Amino acid sequence: MEKIVLLLAIVSLVKSDQICIGYHANNSTEQVDTIMEKNVTVTHAQDILEKTHNGKLCDLDGVKPLILRDCSVAGWLLGNPMCDEFINVPEWSYIVEKANPANDLCYPGDFNDYEELKHLLSRINHFEKIQIIPKSSWSNHEASSGVSSACPYNGKSSFFRNVVWLIKKDNAYPTIKRSYNNTNQEDLLILWGIHHPNDAAEQTKLYQNPTTYISVGTSTLNQRLVPKIATRSKVNGQSGRMEFFWTILKPNDAINFESNGNFIAPEYAYKIVKKGDSAIMKSELEYGNCNTKCQTPMGAINSSMPFHNIHPLTIGECPKYVKSNRLVLATGLRNTPQRERRRKKRGLFGAIAGFIEGGWQGMVDGWYGYHHSNEQGSGYAADKESTQKAIDGVTNKVNSIINKMNTQFEAVGREFNNLERRIENLNKKMEDGFLDVWTYNAELLVLMENERTLDFHDSNVKNLYDKVRLQLRDNAKELGNGCFEFYHKCDNECMESVKNGTYDYPQYSEEARLNREEISGVKLESMGTYQILSIYSTVASSLALAIMVAGLSLWMCSNGSLQCRIC
């Protein structure tokens with residue numbers, strides 16, 4: 001009879017109504033890293049490292065770049081005859097120069113403070129070329145004879161378009177005294193130069209005067225140049241050299257020139273009509289007839305991600321460059337789908353928050369929720385409130401990270417002349433150091449946020465579990481795997497009240513108490529039976545052992561192996 005009662009109790013327990021708290025799982029193979037773990041599979045993740053580009057030069061926010069093709073910046077500004085297509089250029093967003101442009105200084109020489117001029121151009125978006133000293137105004141000097149085979153045009157000798165190489169006229173080179181007053185409202189970029197002949201014979205042949213000078217003065221500039229006559233190797237067929245200079249002439253300031261030879265005078269100047277963020281980018285790419293917000297020498301980036309690893313030099317509203325190969329933010333939960341064999345052994349699921357072992361692929365409309373089973377059937381239901389709060393929290397966090405990082409950030413290269421190599425090396429080391437710091441910060445940020453996100457989901461599941469536990473109290477039994485077994489019948493309406501937090505504990509407490517006492521009684525009676533069996537088994541085992549010992553002793557005494565004395 002006791003066995004029948006025990007069996008009925010067990011059957012009753014198996015058929016008891018249950019409700020379980022669980023979380024979503026899917027077929028995702030996305031993996032993230034955290035502070036504590038690597039390659040954690042999650043249900044949802046968001047890549048925040050841009051690794052692709054289009055391989056083209058594009059307009060930046062609708063403004064075309066100035067692509068100099070085979071011309072250098074110096075060739076463009078001075079007016080190399082092979083750069084005539086750039087005589088007048090519209091507004092540009094950035095300037096593109098090849099690493100080794102063919103059309104540079106056609107007449108060999110040097111451009112003074114060239115790197116500083118390029119740096120200035122990185123803050124300019126538009127020039128307007130204006131004539132300041134007409135070529136026709138040099139009546140006492142030859143203004144058209146200053147040409148060279150080093151600067152050919154249509155098979156003939158020519159010269160830079162924007163400056164004038166002044167030669168003697170009628171065996172005389174009268175001293176030049178010229179001024180230009182900047183009456184414009186904008187700054188002016190003015191260029192001039194000096195010719196360094198190969199020998200004294202060339203000096204007098206071109207300028208008549210054996211000893212010459214050039215003086216240039218503004219409110220901030222005081223310069224005096226003298227030609228350096230020396231025998232040199234030929235470059236572009238020329239043993240002579242030219243050296244070019246530049247200055248920015250402010251409004252209402254005047255520039256004064258004085259020279260008695262070797263003077264390369266300005267004819268045109270550049271009015272700086274628009275300043276803004278620009279850059280000179282070294283690239284061999286072609287124009288792609290496209291638009292972007294971020295340009296690199298490798299191609300354009302169209303991305304809302306906060307980081308990229310394409311190229312450290314950028315122009316526009318760009319993600320920050322890092323040296324990382326992978327930055328993935330966890331937005332979902334740990335993805336550990338429940339296995340069928342575990343379901344048979346441990347119930348419906350098993351431990352995201354320390355006590356649930358696997359997620360539910362059957363629950364597709366939320367991150368956290370319930371699985372119930374009763375006489376009316378079973379099913380999954382997401383907890384919409386906790387899921388929505390979690391989605392909002394994770395979304396806000398991801399957006400916050402992107403907004404903080406995805407600000408306008410320009411990293412343009414700095415050029416240094418040959419005398420500044422140590423500064424250039426130091427600059428590169430500093431930039432590499434900054435990139436290392438950015439990379440470390442980005443990777444650490446992702447690891448920490450992923451850890452927090454997964455802990456956040458764990459906490460939400462635990463909170464949902466506690467919400468149910470506090471409602472049910474002793475009306476149900478905790479099974480230790482995220483499930484509760486009711487001590488009373490719980491139909492679908494009852495299950496729904498548990499899910500929405502309106503469960504009426506007093507309504508079911510009496511039924512639960514009676515069932516709880518009945519189950520406890522069955523356990524006690526079963527325990528009494530097991531205790532009797534235990535005592536009987538112990539006594540029987542001891543008696544059998546005593547008989548075996550006595551028999552062994554008698555056998556040993558009979559064959560002399562053991563001496564027996566009875567006192």
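Quick reminder: no glycine exception, Cβ is built from N, Cα and C everywhere.
According to Swiss-Prot, the signal peptide annotation covers 1-16.
Taken from Swiss-Prot, the feature topological domain 'Extracellular' covers 17-531. Over the topological domain 'Extracellular' (17-531), the average per-residue pLDDT in this prediction is 87.
According to Swiss-Prot, the N-linked glycosylation site annotation covers Asn26 (among others), on the basis of sequence analysis. The C-beta environment of Asn26 (N-linked glycosylation site), restricted to residues of the same chain at least 6 apart in sequence and closer than 8 Å, consists of Thr43, Asn335, Pro337, Gln361, Val364. Under DSSP, Asn26 (N-linked glycosylation site) is assigned to coil, being neither helix nor strand in the three-state scheme.
Taken from Swiss-Prot, the feature N-linked glycosylation site covers Asn27 (among others), and the record attributes it to sequence analysis. The Cβ of Asn27 (N-linked glycosylation site) has 8 neighbouring Cβ atoms from other residues within 10 Å, across all protein chains displayed.
All protein chains included, Asn39 (N-linked glycosylation site) registers 8 other Cβ atoms within 10 Å of its own Cβ. Among the features that Swiss-Prot reports, N-linked glycosylation site is placed at Asn39 (among others).
Sequence-distant contacts of Cys58 (disulfide bond), defined by Cβ-Cβ distance under 8 angstroms and a gap of at least six in the same chain, are Pro65, Tyr287, Gly288, Cys290, Asn291, Thr292, Gln295, Ala300. Per Swiss-Prot, disulfide bond is recorded for Cys58-Cys290 (among others).
DSSP assigns Cys83 (disulfide bond) to a helix in the three-state reduction. All protein chains shown were included, and the count of other CB atoms within 10 Å of the CB of Cys83 (disulfide bond) stands at 24. Positions annotated as disulfide bond by Swiss-Prot, on the basis of sequence analysis: Cys71-Cys83 (among others).
The secondary structure of Cys151 (disulfide bond), as reduced to three states from DSSP, is extended strand. In sequence order, Asn80, Pro81, Cys106, Tyr107, Ser157, Ser158, Phe159, Phe160 constitute the residues six or more apart from Cys151 (disulfide bond) in its chain with CB-CB distances below 8 Å. The disulfide bond annotation in Swiss-Prot covers Cys106-Cys151 (among others) and is backed by sequence analysis.
Annotated N-linked glycosylation site per Swiss-Prot: Asn181 (among others), in sequence order, evidence recorded as sequence analysis. Counting every protein chain shown, the number of other Cβ atoms lying within 10 Å of the Cβ of Asn181 (N-linked glycosylation site) is 13.
As annotated by Swiss-Prot, disulfide bond applies to Cys294-Cys318 (among others), with the evidence given as sequence analysis. The Cβ of Cys318 (disulfide bond) has 25 neighbouring Cβ atoms from other residues within 10 Å, across all protein chains displayed.
Annotation source Swiss-Prot lists N-linked glycosylation site at Asn302 (among others), citing sequence analysis. Secondary structure at Asn302 (N-linked glycosylation site), taken from DSSP and collapsed to helix, strand or coil, is coil.
Taken from Swiss-Prot, the feature disulfide bond applies to Cys490-Cys494 (among others). In the three-state DSSP scheme, Cys494 (disulfide bond) falls into the helix class. Residue density at Cys494 (disulfide bond): 19 other Cβ atoms are found within 10 A of its Cβ, drawing on all protein chains shown.
Feature annotation from Swiss-Prot assigns N-linked glycosylation site to Asn500 (among others). In the three-state DSSP classification, Asn500 (N-linked glycosylation site) falls within a helix. Over all protein chains present, the Cβ of Asn500 (N-linked glycosylation site) has 11 other Cβ atoms lying within 10 Å.
Taken from Swiss-Prot, the feature transmembrane segment covers 532-552.
Feature annotation from Swiss-Prot assigns topological domain 'Cytoplasmic' to 553-567; the stated evidence is sequence analysis.
Taken from Swiss-Prot, the feature S-palmitoyl cysteine applies to Cys557 (among others).
With Cys71 (disulfide bond) as the anchor, the candidate recorded positions are Asn27, Asn181, Cys318, Asn500, and the one with the nearest CA is Cys318. In the three-state DSSP assignment, the secondary structure recorded for Cys71 (disulfide bond) is strand. A gap of 85 Å separates the Cα atoms of Cys83 (disulfide bond) and Cys494 (disulfide bond).
Shown in sequence order, Asp17, Ile19, His372, Asn374, Val498, Tyr508 are the residues of the chain, 6+ apart in sequence, with a C-beta less than 8 angstroms from the C-beta of Cys490 (disulfide bond). Fewest other C-beta atoms within 10 angstroms, among the disulfide-bonded residues Cys71, Cys106, Cys290, Cys294, are seen around Cys290. Cα-Cα distance from Cys494 (disulfide bond) to Cys294 (disulfide bond): 58 Å (rounded to the nearest whole number). Across the structure, Cys294 (disulfide bond) and Asn27 (N-linked glycosylation site) place their CA atoms 35 angstrom apart. The Cβ neighbour count for Asn302 (N-linked glycosylation site), using a 10 Å radius over every protein chain in view, is 14.
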